[in-house]
Every structure is written in C-alpha cells, then in structure tokens.
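*Asks:* Swiss-Prot lists Asn285, Asn291, Asn297, Asn303, Asn308, Asn340 with the feature N-linked glycosylation site, giving sequence analysis as the kind of evidence. Sequence annotations record features per position, and here Swiss-Prot assigns site 'Binds Mu-conotoxin KIIIA' to Glu330, Tyr362, Asn917, Leu921, Glu946, Asp950, Met1375, Tyr1430, Tyr1444 based on similarity to another entry. Taken from Swiss-Prot, the feature intramembrane segment applies to 370-394, 929-949, 1410-1431, 1701-1723. Per Swiss-Prot, repeat 'II' is recorded for 742-1014, and the stated evidence type is similarity to another entry. The feature site 'Binds SCN2B' is assigned by Swiss-Prot to Glu910, with similarity to another entry given as support. The annotation compositional bias 'Acidic residues' is assigned in Swiss-Prot to 1156-1167. Per Swiss-Prot, the feature site 'Important for channel closure' maps to Phe1490.
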Amino acid sequence: MAQSVLVPPGPDSFRFFTRESLAAIEQRIAEEKAKRPKQERKDEDDENGPKPNSDLEAGKSLPFIYGDIPPEMVSEPLEDLDPYYINKKTFIVLNKGKAISRFSATSALYILTPFNPIRKLAIKILVHSLFNVLIMCTILTNCVFMTMSNPPDWTKNVEYTFTGIYTFESLIKILARGFCLEDFTFLRDPWNWLDFTVITFAYVTEFVNLGNVSALRTFRVLRALKTISVIPGLKTIVGALIQSVKKLSDVMILTVFCLSVFALIGLQLFMGNLRNKCLQWPPDNSTFEINITSFFNNSLDWNGTAFNRTMNMFNWDEYIEDKSHFYFLEGQNDALLCGNSSDAGQCPEGYICVKAGRNPNYGYTSFDTFSWAFLSLFRLMTQDFWENLYQLTLRAAGKTYMIFFVLVIFLGSFYLINLILAVVAMAYEEQNQATLEEAEQKEAEFQQMLEQLKKQQEEAQAAAAAASAESRDFSGAGGIGVFSESSSVASKLSSKSEKELKNRRKKKKQKEQAGEEEKEDAVRKSASEDSIRKKGFRFSLEGSRLTYEKRFSSPHQSLLSIRGSLFSPRRNSRASLFSFKGRVKDIGSENDFADDEHSTFEDNDSRRDSLFVPHRHGERRPSNVSQASRASRGIPTLPMNGKMHSAVDCNGVVSLVGGPSALTSPVGQLLPEGTTTETEIRKRRSSSYHVSMDLLEDPTSRQRAMSMASILTNTMEELEESRQKCPPCWYKFANMCLIWDCCKPWLKVKHVVNLVVMDPFVDLAITICIVLNTLFMAMEHYPMTEQFSSVLSVGNLVFTGIFTAEMFLKIIAMDPYYYFQEGWNIFDGFIVSLSLMELGLANVEGLSVLRSFRLLRVFKLAKSWPTLNMLIKIIGNSVGALGNLTLVLAIIVFIFAVVGMQLFGKSYKECVCKISNDCELPRWHMHDFFHSFLIVFRVLCGEWIETMWDCMEVAGQTMCLTVFMMVMVIGNLVVLNLFLALLLSSFSSDNLAATDDDNEMNNLQIAVGRMQKGIDFVKRKIREFIQKAFVRKQKALDEIKPLEDLNNKKDSCISNHTTIEIGKDLNYLKDGNGTTSGIGSSVEKYVVDESDYMSFINNPSLTVTVPIAVGESDFENLNTEEFSSESDMEESKEKLNATSSSEGSTVDIGAPAEGEQPEAEPEESLEPEACFTEDCVRKFKCCQISIEEGKGKLWWNLRKTCYKIVEHNWFETFIVFMILLSSGALAFEDIYIEQRKTIKTMLEYADKVFTYIFILEMLLKWVAYGFQMYFTNAWCWLDFLIVDVSLVSLTANALGYSELGAIKSLRTLRALRPLRALSRFEGMRVVVNALLGAIPSIMNVLLVCLIFWLIFSIMGVNLFAGKFYHCINYTTGEMFDVSVVNNYSECQALIESNQTARWKNVKVNFDNVGLGYLSLLQVATFKGWMDIMYAAVDSRNVELQPKYEDNLYMYLYFVIFIIFGSFFTLNLFIGVIIDNFNQQKKKFGGQDIFMTEEQKKYYNAMKKLGSKKPQKPIPRPANKFQGMVFDFVTKQVFDISIMILICLNMVTMMVETDDQSQEMTNILYWINLVFIVLFTGECVLKLISLRHYYFTIGWNIFDFVVVILSIVGMFLAELIEKYFVSPTLFRVIRLARIGRILRLIKGAKGIRTLLFALMMSLPALFNIGLLLFLVMFIYAIFGMSNFAYVKREVGIDDMFNFETFGNSMICLFQITTSAGWDGLLAPILNSGPPDCDPEKDHPGSSVKGDCGNPSVGIFFFVSYIIISFLVVVNMYIAVILENFSVATEESAEPLSEDDFEMFYEVWEKFDPDATQFIEFCKLSDFAAALDPPLLIAKPNKVQLIAMDLPMVSGDRIHCLDILFAFTKRVLGESGEMDALRIQMEERFMASNPSKVSYEPITTTLKRKQEEVSAIVIQRAYRRYLLKQKVKKVSSIYKKDKGKEDEGTPIKEDIITDKLNENSTPEKTDVTPSTTSPPSYDSVTKPEKEKFEKDKSEKEDKGKDIRESKK
C-alpha cells in the first residue's frame, strides 16, 4: 500500500475498466491464493495490513490532487484507484460532481457482467446527480402527504406513484450493483434494507388484507429516514448516535437495576397509599343512627363485609365507589388524598380517610404493582412533573418519606441522567479523536509523497543550484532542502504544467529533459520557500506537525477532507509555533462528525478560490493566523501605497496579491471567506512592526524576507489566474462603480470623513447609542401614557437617524466595495435598511413584528464585548456542527409526530370525552400534524408524563407507552444529550480566555485608554504642581518621576498582549541588589503605534498579573493562547541582548518580586501580626507603640494571649457549636411561636447570649490578629457583617424600635448566620472556593444570557403586551366565551350590572420587560410555561377577550425560544461550570501535570498497591465436620448460588400487588418463609464453619442483622407495621449484596466502572450536598419570615407552605430541581384585593393579611433557582462527568484495584499465616493461580526465574517483590519506576509495621545461575562417564539388554539438557505468555531471529541486573 501511495496521482491515473483489467485482477487473486498457505500465520497476525484509503471511500468526493476527470470517463466503469482493492473484484464510477461509487465486478444477479449494456445504463442512471435529486424530492413530497390527517381519496393514486418511484429506484440499484452475494451489492448497505422493508410493506398492505392497516401504514413513515441515506453528512451523525447508544448499554442496565431497586422500595412503602381519599362521613342521607366508631373499625378490618350482615339497606361498596362522596378541591380531577399517620395530609371536618376509588391521574400514578411503581420512578428520574408525585405521596404517606425522594432525586435522577450525558459526551469525544487521528495519518502519507517528489527532483536541484547562486545561498542557509510539494502542485494548477506533468509521467525515461525548465522554476521556488520556512517563519519546528508547506498544498486530497487536521494536537503545542488549543473550535467545526466534503468545498473551483483568503476583521482569528500575519506584515518590501494590487471574484473576496494578507491565513482554505480593508491593513501593519523587528536585525533574515515577498507574489499570481471565477467585466464594474476615488477634492473629503468615522471615540459613541436604543426598546410596557409612547417613537427615529448616518459616512470613507467586505458592516447595513423599511411600513397592519428586527442591534455590542462575541461564536459553531444533528432531530420529531398522528389521531377524536369534560379536543392532542408535532416537541423538552396519560386513556396503554418511551429515550436522552455534548465541546476555556480580537485592541478599549491617559495626565500635573509648591518634598519627586514614566511606558510595551504585566506595580521589580530593573531598556525596542495602548481591565485575554520567575513559568498553564506559541520565538532570538523582555517570555528578573517568597510557603508564626497597615502607622504616629517596655509590653502580652486563645482548636470548636445552636434557634421562629410563650422567651435570651458571644469572638480576633489581617480576610468580613446585624437589632430592641419595618427586615438577615459555618467546614469551603472561582465566568454567561433573553423579552412585549387580560366569572373561575363577552367594555358592562365578573390579567405576563423575563424563566425551566403559552395562543388583541387557539402559531415563538434561550443558554451554564472546574483542577492539581502517561499508570497502580496488604485468612477449623462445611461455604459457587437466591427473592417481591387475592397472599407468604429458612441456613452454616471469625466481615454482620429482622418480622408483622417501617424493606436492602458479585462477572466491567465513578464522586457530592443544605436552610428561614401567612392557593396548601421550618424545607427541596416553583410563587404575587385580603386576622398571631410581597417573592425564588438549580446542581453534574472520565481511564488501565485484591486473595491461600513470604517452590503454582492480567500460566518456571526475585534465607520470597515484578511485567519496564518503587516500599512499611525486615541473601536468578553451573559441571562429568561406558559397552551392546535400559534415560537426559541450553536465564527473555498482548515485533519476526535478539538482550539485561545488585 505504502508504495502505491507514493506516486503523486494526477489526471492520468484513470483507466477504463475493461475485460483485461478484470482478467488481471483474477490473475492477482489466483497468485495470492497460491502464496497464501506459506504466509497463513503472518497474515492473520498482521493487523497493520493494508486498509482501504479513507479518501477514496465510496460516497466521498474524488480528492483534488487527481485533477479533472476527462469528460469521456464520466459515469463509465474505471479501474479502482485505491491500491487496497488491487486484488479485489471491484471497479469505480465517477459522476460529474466527482463523487466516487464503487461496484462489485462480479455479475449482477448472475446475468449482467460489468460490460453488459443494461447494467452500464443502470449504473449511469444511478450515479447521475439528478437521480438522487429525484428521489429526494419524492421523499419530501411523500412526507408532505403523510402529514395530512384526513387525506382525500385522490391521494391513494399518489401513493401508488410514490411506491412506483421507490420500486424503480430499487430496481436500478439492484441492476447496477447486484443483489446480495458480493461486497458493494444492494443488500450489503444497511440503508438499503430500509428501502427494501418499506417497499415490501407497501406491497403487502396493498394486496393482503391484514386487519389493522393503520398500524402497518405507519411503517411508511420510515421513508422519511431515507433522507438520511441520501444526504451524506447525516450518515455519520447517525453512526455517532448508534455508537453512543451502544455505549449506553451499561448505563441503561445500571439505570434499570437502580430503578428496579427503588421501585421495589416504593412498592413496599407506598403500596395502595395513593388510593386513600377523604370520604364524606357520616352520609348525609343517613336516616338511622350508627355507632360510627365501631362501624369504622370494622370497615377497615373487613372492608365492609362485617356489617353488611347487620344492615342490608346500606351498601358500603357502592357508597365508597361513588365519586360524589369524595372531597374534591376546585379545578381538580382527582379527589383530595389523605393519610392516617400524624404527619400525612388530614381531611377537612365531616370527612374521614378511607382507601377507596382508583388511583390519581386516570389510575396511572400508583405504587400498587411493580410495573406502575417502576413507571413512577422513571418519571422521578427524568424529573417530569415529579412535584405532583411528591406531593401526592407525602400527603398519603407522611412527610418523613421525603427522605426517599431525596435519595431517588440525588442518586437516581442527578447521577443516572448525568451518567447518560457523560457517556454520550465521551462517545462524541472519541468520535472526534478518531477523526483527528485519521487526519494525522493522512499527513504521514502526505510526507511520503513529499519524499517521492524530493527524489524525483534531486538531479534537477543540482542543476538549479548551479544556475542560481541566490537559491543556493538560501538552501544552504535553510538547512535541509526539503522540497515542498507545493512546487509541483501549485504548478499543476495551470494547465500548461499539467500537460508537462503528464508527459513527465508517461515518458519516465526522458524525465530530466522534458520537465527541465519547469523543474528549475519549482526548485527555485521551493528552495526559497524553504528558507522562509526555516528563518522567516519557523513553522516547521521539530515536533510540530504543522509544517509550512502544507499551507500551499491545500489542493491535496488529505487536506480537503480533513476538516480539523491542521490542528496540531495539544501535546505538541510546546514545540509548534502555533498552539491550536481550540483546535476544532474555530475552524470547520461543522465537520466534527460529518463526512461533508460537500460542506467544506463544493467543487474544484471554489476550492482554489479560497486558498488564500484575507481575514474578516471582526472575527477573532485563531492565534496561529495572527502570528503568521504579523510576521508577514512586518516585511518591509510590501507596497505601502493605499492601492494594492488586488483582484476580486464574484464572491467579493479580494485577495491582495503581494499585500500583507497574502499570507494572513496559514490555514487559508479553512477560513471563512472574509476580507480586510486597506485602512485596517495599514493600521495593523504599523502596529505589528515590532514583532518582526528582532527578526530583521539580522541581515540575512532581512534579505530572505525580501525575497520571500516576491516569491509569494509569483505563486499568488499563478494561483490568481487559475482562480478568477467571474468574467473580467465584473472586475471592471467593481473598480469603476464601487471604488470611488475620482477627483482630488473628493479624496480630501473622504480623508476627513475617514478620520472622523474611524476614530475610536465615534465607536464609543455608537456603542453608547446602541445601549440607549436597547434601553428605549426595553422601556415599552402596558399601559403606556401618550407622552411616553411619543417620546419612545421620537427616540427611535433619532437612533435610526444616527445609525443611518453612521452607515452612509462609513460607506463614503471606505468605498462601498470595501465597506461590504466586512461582516459587521453587512450586518449594520441589513439592520439599517430594515429600520428604514419599518418606518415606511409603520402603519401597515400585521407588520409590527418588523419592529423586533431592531433588536438585532443589540448584537452589535458583540463587536466590543468579547463574551457576547464568544457566545455567539459558540452558538454559531454549534449550529454549524449541529446542523446535521438538528436535521436528524427534525427527522426523528417528524417521524414520531406522523406516527403519533396515524396511530392515535382517530382515538383522540373518538374517545375525547374520557379526557375532557366538555368533549372538546384538549390543547394537547394528536389529531392533526401540528398538534402532534407539539406533543413530540414537549416530550423532547422532558414533559412526557401528562400527555402520555391522556394518550393511554384514549388509545390504550401498551402502544402509548411504547411510542412515548421511544421518543423520550431516543429524542430526549440521546439526541439532546448529544446536543449538550457538542455544546460542551465547542465550549472551552481557550475560547473564554482569548476571546479578544487577537492582537487588535478593539476601538472601545482604545477610546477608554485615551480617556484614562487624559485623566492620568491631569492628575500628574496637579500632583507635580503641589509638589513643586513644597520644595522640601523635591527629593520625593525625583523618586516618583522615573517610576511614573516607567508606568506610562508599561502601557506601551504591553501592546499586543505580548509582555506580561509584571507585578501589581513596577515598584516591586527590584532585582536582588534592590535596584529597579530597567524595563525601559527593552521598551525602546518597540515601535509602538498609538492604537496599541492597552488597558488590562478591558482585556480579558491577559490573565496573568503575577510575576513569574523564569524557572516556574509553565506554558501549559497559561490561559492566553499566545504564550505557548511565542515561547518558541525565543529560540531564534538568542542573539537579542539578555535584558530585553522578548515577547511572550515572562520577563527575566533575577530575584522573584518582593512579597513572593512568603506567599509560597506560608509559615505558621506564633506571633500576632501588626495591628494597622503601614500607611496608617506612617500617617498617625500615635499608632506606633514600642512593645519593649511599659504599656506597650502589657499590650503585646495581651495580644499574644488572645492569639493563643483564638488559635486554640477548642475555641474554634466552641464557636462552631455556637453557630450551629444559633442557627438552630432560628428554625423555631415559625407561625406557632406566639402560642409557645416559654420557647419564645428562651429564644429571645438565647439570641442575646449568642450575640454577646459573637461580639466577644470578634473583639478577641481584632486584638489577636490586628485590623489589617482581620479585615483582609473575606471570611472575617462575613462574620463581621453578620455580628453587625445582630448588634443593630439588639440595640433597636433595647431602645424599643423593634416594630420598625427596617429593623424587622434586618432581623430576617439573621438567617445569614449559618453562612458563618462555611469557613469552619473544610469540605464546604472547598466547594465555595470553587464556586467563587467560577463566579466571574458564571456572571459573564449570565449577563450574556440576559442580553440574549432581552431580545426575546422585548419581542414578547411587542407581541403580547396587554393581550393577556380576560374576563372571568370570579365565583366559578371560568372564563366567559367570546360570544358572551367580546372585549373590555362588555366586561365592564357586566361588572356594572352586578354580575360576578372581573377583567383580570394572567399573573405572569409580558406587560413589561421585567415580567417578560420572569415569564421566559418559567418557560425555560418548563415550569408554569403552559399557562403562559395558552394565554399567548389564545390572545387576540389589546382589550379583546381571548379566544381558544386563535393565534395558534404563537407556539412557534415559544419553540424558538426554548431552543435558543433554554437549550443553548442554560446548557452554557453547565459548560462554564465544568470548564472552570477543570481549570481550577489544573491550578491546584500539581503532580499530574508533570507526569508522563507511563508514569501516571505506574503511579496509579502503585497507589492502589500501597493501600493493600496480605491478610491472615480465616484458619480452617480442625474439626472434620466443620472443615467440610468450611470448604463448602468458602467456595465461589456457594456465593453465586446465594446471589441467585437473593435475586429470586426480589422477583417474588415484585410479584406482590396491592389488590392480590387471599390465595396469592398465602402463596407469597410461604415462598417468603422458604427464603427466610434458606437465608437462615446460610447464616447458620457460616457461623458453624467460621466460628467467631464470622463477625470480622462486614457483609456477614449485615446478613445476620437482615436474617434476624426477617425472622422477627415474620412473627410480629402486625405490630411492626403499625409502628415502624414494613419489615419487607430489609429484604430489599439485601440487594446491596449484588454489588459483591459484580467482581466475579467479567462482563460487568462497564457497570463496575460506573459504580466506581459514583463511589469516587461521593465525597465531593457530599460536600456539594452540605452546601446545598446550607443554602436551603437559609432560604427556609427567609421564607418563614416572609411568606408564612400568604393565602393558600395553587402550590401552597396545608402541607406545602412556609409556615414551619420543616414545611419550608420540603418546599425548597422540591424547587431545587426547579419543579413547581411557579405554583409556590403564584400566591406570593397576590398584592392586594380582590386576590387576597390585607386585613385578614390570623388567630394566635399579631400578623394581619394574607398578601404576598411580589418583588421579594420573585427575588427569593429566582435567586434560589439560580443558586441551586444552575449552580449547585450543575456542580454535581461537573463532578460526575469528571469522575466518570477518571473512572473510565482507571478501568482502561492495565491493573485495577481488583487485580490487586485478587492477588492478595490468592496469596492468602499460599501464605495462611500472613507471614508475607512464600516459598520459592510454591511460586510457580502461585503465579498460575492468579487471574489475568497478573497470571503467568504454566510452564512459567523460566519466566519467574528471569524476574530475578530477591530471596531470603529458607528460599522465601516477599509478597511485595513478587507483586512488583508481576506489575512490571504487565506495565513494561521504565526507568523512573525505581524511585516510585522505593516510595512504595516505604509506604508499605508504614502501613504494615509487622513487615519483617529482611536481608535478601540471593535472588532467583543467582540461584538459577548457581544451579546451572552445578549442572554444567555435573553434565560434563556425566558425559565423560558416558563416553567411557559407551566404549566399553558397544562391543557387547546387543547381548546386554539391561544396559540399554540404563542408557536410554541418559540419552533422554542429554536431549533434555540440550533443550535446557536454550532456557538458561541469560538466553531467555521474559517472553510474554499468551495471555498478555504479544509485542508486535516478536510476532512478526521468524522464531530464530527472535531467539538471537532475545539472547543478546537478555545477556545485557542480566549484566545490568547483576551490576545493580552489587
């Protein structure tokens, strides 16, 4: 294969596929077969054998390098180009678009050979591009027909047409390809299976009557899937999807398992509870007296049978089944639930709690059987409407059961759902890695082609070198003259050279003469290019994969289809000049998954076209680009006049030939086609001079640089000819009409305008205008006064005017031609023209939406706001990459929508009365396509359960469950998680860090910088003036001045982010001698343009502000992309004098800056610090006290004492205790506090005590630490403020102001007290610090989201303001129909005529931007969004009564918002947090960064090793019977059978249901009894055999307890059920034992990885949980003090409210997942009558009224949701993702924990006394008893000896030595291991003090050598004896039989010895046994070679070992 690649292919590589070609292939196959037997073994092992070339796969486009296809060869069979198929019967066909199709060369259907005209015709049709288009159109039309809900009759015929076309397509394919026998035939492509099934079904349903046809007809929907097979990019995405589904199998198993366990627990706990209802009692119509109590008791026990005998007239069953007797809350379909425990829901007066009727929600929500319980838990896990289930269950069972939900939500929901995300994300990552690796591989092939070219041109090079001295000079200087293939490729572009190339190939003999001229040219070019590469640019540093040639050679195949390949992987970034951190992010990211050659380049021309594309200004260029462009811009030979030699093509791309941007893009062909304006080039050029100044100091480099420019010009011109797409007249037109420079005066005007418009201040002004304009738009609200709206409209006109003026002035200044070359300008122009159009159409009805286009102006901010820019880019990138995914998602949604409509549409119509009271279709139904689509979309948003209940009620359970589950799993869990994974991948810290336009300051920063400078200047002048006034301070002035100047210069030298700011201020830069090091000296070097001033504040990409000493700067860790690249510029700058701080380097300063050393090692000093800061002391002399004598000394001693007290850990413990107590006290202040007088008084006193204690603590700390230290610590500030709050409220109480509103609100701030606990708990502090670290970026994203949402909010205000008002009847709460009340005035009329009507608004609406935000938050969290959506869909106009679904397509506003506002922005939060998490880990996690992969593996193995030690096994009992039992019990089989029993026990528990018959109950009782007996038996057996050792094992104690409980439970079941949890629960706990068995099952590795990840994340999750609890605690107390008395409605009722601490916690836990927060917020939004009564009295309390405080309520809930839902929960996700990836790495490592455990388990058997030694003779058995990978199978003597294990006296070997040797064998040798090994031994010694200190006296190797020497001597002696014997015996040999018998063994001995010669230690290697992976060379080389090699190696190794031992 390799050879065939080497020939650079060209247009002459195409040959027709003829009969001869076929014969040749057949002959090759025959030869192969003949060769085969000999090489059989080799072939099998050769996994690195030839593989098909990925660029020539079927379906791809022909690589560019092959040139154009000769027209006569299009659509004709050609010989296969891919060398892999050289001996396979295939041929290819290329169509006009150069797409490759591969066919089998065997006969199709046994009849049609490849040369048959019918087949040829079929092939021609098949490959024709129109054929695909036809099929595509057919499918789309078919899809349109499928969306019809009641299709008319004529569609039947259309169906036949479709079927006909599909049949025709399949026939063509079958004729062209063959049916199914060979490769590349019809059925070999899985996509064709789909076609085949679809067609078969079409015919089957047509001719065979199969009953339920509609179900079968739904199969037609699968046709939509065919689009996937037709659009190429989609196949890959689907591939990725299928991959991730495969990967999900483990997670799915785990999920199902966990859910089953939880469902079992739920079944046991809540079985039948949800049927408890409030029954009216006594019955109102009762005419007789009944002793209620006795009756009631009977009824419960015998379900009413008891008294039916006594009273015939009253039928209990009927009574309780009658719905009307239950208690219903208004507007509810289900009766109110209740429970009989004290903390469950109580019934109102006159009702009792009875189990009756069906379960809630049509009976589908229950725990009555295992399957319903499972469904309920699945719903809990996906968190859909779970607050409903939560409330129902707590109401029926009691509030204590909240614990169950906490567990399920945290372990089940968060963990499992995020595992799914983690797995999908990892599958995606791997897919990405694969594409990158493929690209690397291509690059390697590419290098081979280069080599080939180099060889071809070598002779020519000599000639060329002689001819041109210049070129020789260059190649000499340039080092190795590597020829860039661009010489041949670039020239291949022009047709002239193409012919020459052909000639060259055909006439290889006359190679030299034919191409002489051209080659010389090429040589000159490549040689000089070489010099560029070496000196000017140094692109090809060693190790960099980005060699410069590749830029020019973009025409080559691999670069075309590579997408991201140019991006060097991270690990090379140190060596490569360009660090591509964001490698797939900036460029071509749409190709992350796709094979879209099409998307990258349409065809030949456009490829050529975009080879060198100048940059669009506004885009942030990847740093690599800017590097090159800087360097190239610095070249002096570039033309400086305003006019550049430029050429334009139709796309408006200007390429400035010879101009600076000729090289701007090293990644030319992959960049967005954009442009650069002249002014900008000028600006950039001046600003970037200094970059190449150093380069140009060197005369040779200067000369080279000059020649470089000319070369570029040549190459470019040659390219130019080949790439002008448009006819020349276009260019003339562009130059004439679009570039205006006609006359002098005009140019002057233009110049002036340019100066003004391009000034940074103008930019600043425009930005301010944009902000103001946005404000103006956001000020719209309802109702508005006339004046206000007129002000707004005038403002709008003004702003439109300003923006229009800006646009026209810019056009004048820049010429339209250049103006529209820049993205931002096009955007501006678009918006301005829209605004003007909108002004014209202002009065046209229905076009008001145009106003919302003004909102796009907000995006202009992105120009100067990096984060917004980044967000838009991320969304852009993702949308690119998501393009295909979105299509797939759309197809899935479409398919399910159609399936739903076809399957359930009719049932919705027929059974509508089941689900709707008025027999009208509800809003969510599947009767037509649009509504069906909405339901599917809603399921994708995660809301499936409610729509599914409706569906199950009308259309039957099984079908609905199946369809909804499929949508849920496929759509939501897989596709949406893939979405998220894509987002996370296009999101990375690099994008965050270096968002700024790479090295251009943006204009705003320049403007702000100028202002800053002005202010500084004024300040300095004033200061100087003051100082001059006081001459005595002259000296000070002299000191200050140079520093000031230095400071100003600092600004300038930091242009272009290159130099890092040093220190906080230059005053610190003293080197060791205390003199300030002269940065000035290096400053002069830079020629600085004024546009380069930089303010650090505005420049987010400079994150480093700490001085870094040279040694410690680690480029990997800096965030700015620049650094890693510029560090390499160092190499070339060694000539520069050392003082200069060359760019990118951290400035070389001798000693680290002051104040740095103490920071590194904070030593615990035992002395207090100074009280005040130095400045204070300087200003107020009185603060200086001598501590040597007098008062000062006393003071100092006092401080020391205080310091000791404060530092004492008892003090800390005491304070923590106090904090906890005071926090706890807050929890008592609920609404009942007034009734509990004693508690109230106690709390008041306690409060005072706490306050005094905290004040004392504060004073002590002040004295001990001093103000300076106390007030520089953030935690102390927190304490200080909280103490202040208590102090103020205390004082107020004392003065009698306690009833003041302000003081009351201050008291609520006491809720912050628990925050003080934060600094005291290590775990929480870690989490908080991590969070605080993330806050800046979270805030950034939050701001950006707000801007993003602002647009939707303003749009919502435009669409819906004031339209949500409606007229209702407030007694029933029903809305009047439009026929009754049509508008506001009619409603008013009703009100005046004393009707119970009211004109009312929806609480959450779009009347202003603030409320708009609230509504959008509800929509984005999918809570309460329904009401908003219904209101929007029903709205008509302001002051009109809404009408049902009048405005149906308003749904789309919400759909769009959910996609962009919710999916994107909320997931960005996850992105930011995960990202920050990783960055912080990098900051703190020191050791990993400095370890190689190998070391890491070894280190991890060792870490695990260290924690283990051999244990004494339980001795086998001496008693014979006990011994037998012992053997039986310790066998693995026993364990497994117990496991099986446990599982069976579970199954029997699953069978249990709530309404099972008596018989069933009895059966289950007996089965359970059997199990109890069996488990008791196990327990007894183990007790007998293990004796007292039984209790040393945790699991056994666990079993024992469970068994005891089961037995007790059997006898006392009734009693226990009454008071405790049902005993059956303990059986569930047994399931935990399954965890043990997982170790024994090989296949469960994946599941164990997942559990391992969970175990690893537990500590972190515990910390986050603690933090979350703290937040909940504080909010609960706030809630109690603010919302305790609000009206009970919507989500607030008798159980869920803020009245007591417990209730508040229950509510807040529910909102943690954002569930149901809208319901809790609604009552709080009631601000006055008639919604609530501000004067209402509450008995037992002085508070009046039940109104809420809307602003406090909104703040409370929104802040809580942001903190808990977005932050804490996402941290949870981040931890899990992190640990999952770690766990996966762990499981991928060769040695895991279990392997070591297994080692020690086996060890116990061989070393029963735990001596830690084993005898040498046992070693072989021991090694063979292990499991792989440590296993060394027998025969293993040789290998073990070769390991050279140290032995102690008595031939014993220590377990560690064995383990080390075995580990080394698995991991491979490595030098650094010895150090680690020593560490490990020390650690082992520490953990096992018992380890015998042993002196090895010999080693296995030495022992063997001694043995061998003995054997050699023996053998020589024996041989001598033998010879004697043989001589004697030979004469009488035949007679003497006995001797012969003696002789044979000796002979055998000799033979064995001969064999043994090969096994002496010197000669053998530790050849890996078959179990370990074979080393590749050892397999491929013949045996003999291997022995030879091994022999020598081993001898060396032996020597080394011996020497090291000495």
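Any Cβ shown, glycine's included, is placed from N, Cα and C.
On a predicted model such as this, the values are computed, not experimentally measured, just so you know.
Give me the local environment of each listed feature.
*Replies:* In the three-state DSSP reading, Glu330 (site 'Binds Mu-conotoxin KIIIA') counts as coil.
Other Cβ atoms within 10 Å of the Cβ of Asn340 (N-linked glycosylation site) number 16 in total over all chains. Following the DSSP three-state reduction, the secondary structure of Asn340 (N-linked glycosylation site) is coil.
The Cβ neighbour count for Tyr362 (site 'Binds Mu-conotoxin KIIIA'), using a 10 Å radius and every protein chain shown, is 15.
Within its own chain, the intramembrane segment (370-394) is flanked in space by residues 255, 259-260, 262-264, 266-267, 270, 273-274, 337, 344-345, 359-360, 364, 401-402, 405, 408-409, 412-413, 416-417, 942-946, 968, 972, 1550-1553, 1695-1696, 1706, 1710, 1713, 1715-1716, 1719, which lie at least six positions past its ends and keep a Cβ under 8 Å from the stretch.
Mean predicted confidence for the repeat 'II' (742-1014): the pLDDT average there is 83.
Contacts of Glu910 (site 'Binds SCN2B') defined by a Cβ separation under 8 A and a same-chain sequence distance of 6+ are given as Val954, in order along the sequence.
Counting only residues at least six positions away in the same chain, no Cβ atom sits under 8 Å from the Cβ of Asn917 (site 'Binds Mu-conotoxin KIIIA').
In the three-state DSSP reading, Leu921 (site 'Binds Mu-conotoxin KIIIA') counts as coil. In sequence order, Tyr908, Lys909, Val912, His927 are the residues near Leu921 (site 'Binds Mu-conotoxin KIIIA'), counting only same-chain partners six or more apart with C-beta under 8 A.
When Cβ-Cβ distances below 8 Å are used as the criterion, the intramembrane segment (929-949) is approached by residues 147-149, 361-362, 364, 379, 382-385, 889, 893-894, 896-898, 900-901, 905, 923, 960-961, 964, 967-968, 971-972, 975-976, 1422, 1448, 1451, 1455, 1458, 1462 of the same chain, each at least six residues removed from its ends.
The Cβ neighbour count for Glu946 (site 'Binds Mu-conotoxin KIIIA'), using a 10 Å radius over every protein chain in view, is 15.
In the structure as shown, the Cβ atom of Asp950 (site 'Binds Mu-conotoxin KIIIA') sits within 10 Å of 24 other Cβ atoms.
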*Asks:* Do any residues of this chain, six or more beyond the ends of the intramembrane segment (1701-1723), have a C-beta under 8 angstroms from a C-beta of it, and if so which?
*Replies:* 383, 385-388, 390-391, 394, 399, 402, 405-406, 409, 413, 1227-1228, 1230, 1403-1404, 1418, 1421, 1423-1424, 1427, 1668, 1672-1673, 1675-1677, 1679-1680, 1686-1692, 1695, 1732, 1748, 1753-1754, 1757, 1760-1761, 1764-1765, 1768-1769
*Asks:* Which has the fewest other CB atoms in a 10 Å radius around its CB: Tyr1430, Tyr1444, the listed recorded sites?
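*Replies:* Taking Tyr1430, Tyr1444 as the recorded sites, the minimal 10 Å Cβ count falls on Tyr1444.
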*Asks:* Would you kindly give the Cα-Cα distance separating Tyr1444 (site 'Binds Mu-conotoxin KIIIA') and Met1375 (site 'Binds Mu-conotoxin KIIIA'), rounded to the nearest Å?
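*Replies:* For Met1375 (site 'Binds Mu-conotoxin KIIIA') versus Tyr1444 (site 'Binds Mu-conotoxin KIIIA'), the Cα atoms are 11 Å apart.
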*Asks:* Could you round the CA separation between Glu330 (site 'Binds Mu-conotoxin KIIIA') and Tyr362 (site 'Binds Mu-conotoxin KIIIA') to a whole angstrom and send it over?
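*Replies:* That comes out at 18 Å between the alpha carbons.
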*Asks:* Can you figure out which of Asn340, Tyr362, Tyr1430, Tyr1444 (the recorded positions) comes closest in space to Asp950 (site 'Binds Mu-conotoxin KIIIA'), comparing Cα atoms?
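*Replies:* The answer is Tyr362.
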*Asks:* Just counting, how many other CB atoms are there within 10 A of the CB of Met1375 (site 'Binds Mu-conotoxin KIIIA')?
*Replies:* 17
*Asks:* Rounded to the nearest angstrom, how far is the Cα of Tyr1444 (site 'Binds Mu-conotoxin KIIIA') from the Cα of Asn340 (N-linked glycosylation site)?
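*Replies:* Cα to Cα, Asn340 (N-linked glycosylation site) and Tyr1444 (site 'Binds Mu-conotoxin KIIIA') are separated by 43 Å.
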*Asks:* Taking the Cβ of Glu330 (site 'Binds Mu-conotoxin KIIIA') as centre, how many other Cβ atoms lie within 10 Å?
*Replies:* 7
*Asks:* In Å, rounded, how far does the Cα of Tyr362 (site 'Binds Mu-conotoxin KIIIA') sit from the Cα of Glu946 (site 'Binds Mu-conotoxin KIIIA')?
*Replies:* 11
*Asks:* Please report the distance from the Cα of Glu946 (site 'Binds Mu-conotoxin KIIIA') to the Cα of Tyr1430 (site 'Binds Mu-conotoxin KIIIA'), rounded to the nearest angstrom.
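*Replies:* It is 16 Å, counting Cα to Cα.
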*Asks:* What three-state class does DSSP give Tyr1444 (site 'Binds Mu-conotoxin KIIIA')?
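*Replies:* For Tyr1444 (site 'Binds Mu-conotoxin KIIIA') - judged by DSSP and reduced to three states - the answer is coil.
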